[in-house]
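As given in Swiss-Prot:
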type: REGION; residues: 72-290; note: region 'MobA-like NTP transferase'
type: BINDING; residues: Leu78, Ala79, Ala80, Lys91, Asp144, Glu180; note: CTP binding site
type: BINDING; residues: Glu180; note: Mg(2+) binding site
type: REGION; residues: 291-490; note: region 'CDP-alcohol phosphatidyltransferases'
type: TRANSMEM; residues: 329-349; note: transmembrane segment
type: TRANSMEM; residues: 389-409; note: transmembrane segment
type: TRANSMEM; residues: 447-467; note: transmembrane segment
type: TRANSMEM; residues: 468-488; note: transmembrane segment
Amino acid sequence: MILPCESFNGVPSGCLIIEMNWYSVLKASTAIFFPEKYSSSTSSLSKRSPISAPMINVDGEYLKIFAGRIKLMKAVILAAGLGTRLGGVPKPLVRVGGCEIILRTMKLLSPHVSEFIIVASRYADDIDAFLKDKGFNYKIVRHDRPEKGNGYSLLVAKNHVEDRFILTMGDHVYSQQFIEKAVRGEGVIADREPRFVDIGEATKIRVEDGRVAKIGKDLREFDCVDTGFFVLDDSIFEHAEKLRDREEIPLSEIVKLARLPVTYVDGELWMDVDTKEDVRRANRALVSAAVKGSGDGFISRKINRKISTRISAAIVNKVNPNQMTLISFLVGAFSALASFFSIPLAGLLYQFSSILDGCDGEIARASLKMSKKGGYVDSILDRFVDFLFLAIIALLYPKTATVAMFAIFGSVMVSYTSEKYKAEFGESIFGKFRVLNYIPGKRDERIFLIMIFCLLSAISLQWIFWMFLFVAAISLTRVVVTLLAVLVSK
């Protein structure tokens with residue numbers, strides 16, 4: 001079903017594109033035009049506020065509506081800086097965490113924004129050329145006075161926005177968690193617990209009665225720091241106009257003059273990128289934040305991630321997720337072939353491939369390049385490497401063939417049970433049954449165990465038999481526990 005509104009990105013920006021039966025369509029239509037009929041807790045229209053659209057629950061599907069359509073704001077991105085501290089490279093086009101700063105910002109804001117107004121000067125053509133094939137609804141507003149400051153850049157956007165709009169900086173990096181909270185705020189979005197910025201360089205704010213009382217980098221007493229993100233309305237230009245004749249118009253002066261309200265988004269990832277060292281710090285922060293919240297085994301949490309995140313941070317701007325998947329696969333396949341020459345060496349390479357296997361996901365999430373296709377290919381290649389490694393060792397030591405068969409079967413079934421659950425129920429089995437996060441037998445744990453036994457095989461080949469036996473035992477036990485958990489669940 002499509003409820004058409006304004007066009008955005010080739011698709012109506014205010015539309016709902018959902019699969020619903022006609023009964024649900026009727027309920028949705030009734031709710032839009034007769035919201036009082038949906039005032040219960042299970043199917044309700046929330047109170048309208050100036051900063052967030054109401055939500056309605058229709059057969060479990062929350063639909064955001066605003067007078068019959070989704071309410072989206074415009075977003076102004078100030079990108080008129082000279083980029084002098086980054087070797088003349090336009091800051092918005094600097095790649096951080098595998099994604100250009102302005103592209104990251106626009107991707108994360110897209111669900112909330114109808115049009116982007118990008119205020120640029122010297123690098124306007126470069127930014128336009130970069131964005132023209134990205135599918136965004138945007139407008140470049142040019143001016144030739146970047147030396148007048150970011151407050152003047154805001155003034156330049158005056159005739160291109162109305163009502164409420166988002167204002168952000170072209171050299172700031174934000175996480176998705178920050179954006180989702182910030183767009184629901186009002187005025188200055190500030191942070192009382194900044195974890196990723198140099199406080200000495202940050203713009204500090206003194207708050208009184210919930211509004212900006214003082215603002216500046218040199219404040220000795222302050223309550224929070226400015227994140228470079230604002231949710232404003234067009235009344236801000238009345239205050240900006242009072243400063244128009246100044247040689248330089250800092251945005252902070254406009255903020256102080258307007259006594260903007262302050263909304264706190266504390267402790268989330270955000271930072272401004274001014275230097276090459278900032279780029280490196282942002283890479284590390286974005287990759288660390290990209291570690292998936294569930295599904296990792298004990299070895300991944302305690303060992304692998306500590307290494308893989310460092311590797312990912314070093315290469316995130318040079319390698320895409322698919323290339324990283326291929327590299328991990330090739331190392332894994334080579335580890336299997338190395339068994340013909342040295343079992344201990346093969347085990348070490350196998351463990352290294354397991355560490356690298358975490359990098360593609362970290363890079364994909366950090367660079368906002370996640371895809372179902374990439375996850376599918378990665379999963380298939382992992383199964384291939386696991387089978388190849390164990391099969392070659394079983395071939396080299398045929399006396400272990402029977403127990404090796406159970407080890408290979410169990411290894412495949414561990415992955416199959418979790419992937420099949422996700423396919424059938426549409427959610428991660430590790431989120432549903434958290435106890436499975438602590439039962440041994442995940443891929444990272446099996447590979448680490450295999451490495452240990454491969455190293456011990458240098459002392460006695462009898463350890464090869466015990467390797468297969470242990471892998472079979474923990475993997476099949478995990479499969480049985482998983483099945484029981486699903487069967488007894490409601």
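Using the three backbone atoms N, Cα and C, a Cβ is placed for every residue, glycine included.
Locations of recorded Swiss-Prot features on the structure.
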residue: Leu78; record: CTP binding site; DSSP (3 states): strand
residue: Lys91; record: CTP binding site; DSSP (3 states): helix
residue: Asp144; record: CTP binding site; DSSP (3 states): coil
residue: Glu180; record: CTP binding site; DSSP (3 states): helix
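Highest local Cβ density among the binding-site residues Ala79, Ala80 belongs to Ala79, counted as other Cβ atoms within 10 Å over all protein chains shown. Ranking the binding-site residues Asp144, Glu180 by how many other Cβ atoms lie within 10 angstroms of each Cβ puts Asp144 at the bottom. Note on Leu78 (CTP binding site): other Cβ atoms within 10 Å of its Cβ, all shown chains, come to 26. Taking every pair among Leu78, Ala79, Ala80, Lys91, Asp144, Glu180, the residues recorded as binding CTP, the greatest CA to CA distance is 33 Å.
When pLDDT values are averaged over the region 'CDP-alcohol phosphatidyltransferases' (291-490), the model yields 93. When other Cβ atoms within 10 Å of the Cβ of Lys91 (CTP binding site) are tallied across all protein chains shown, the result is 25.
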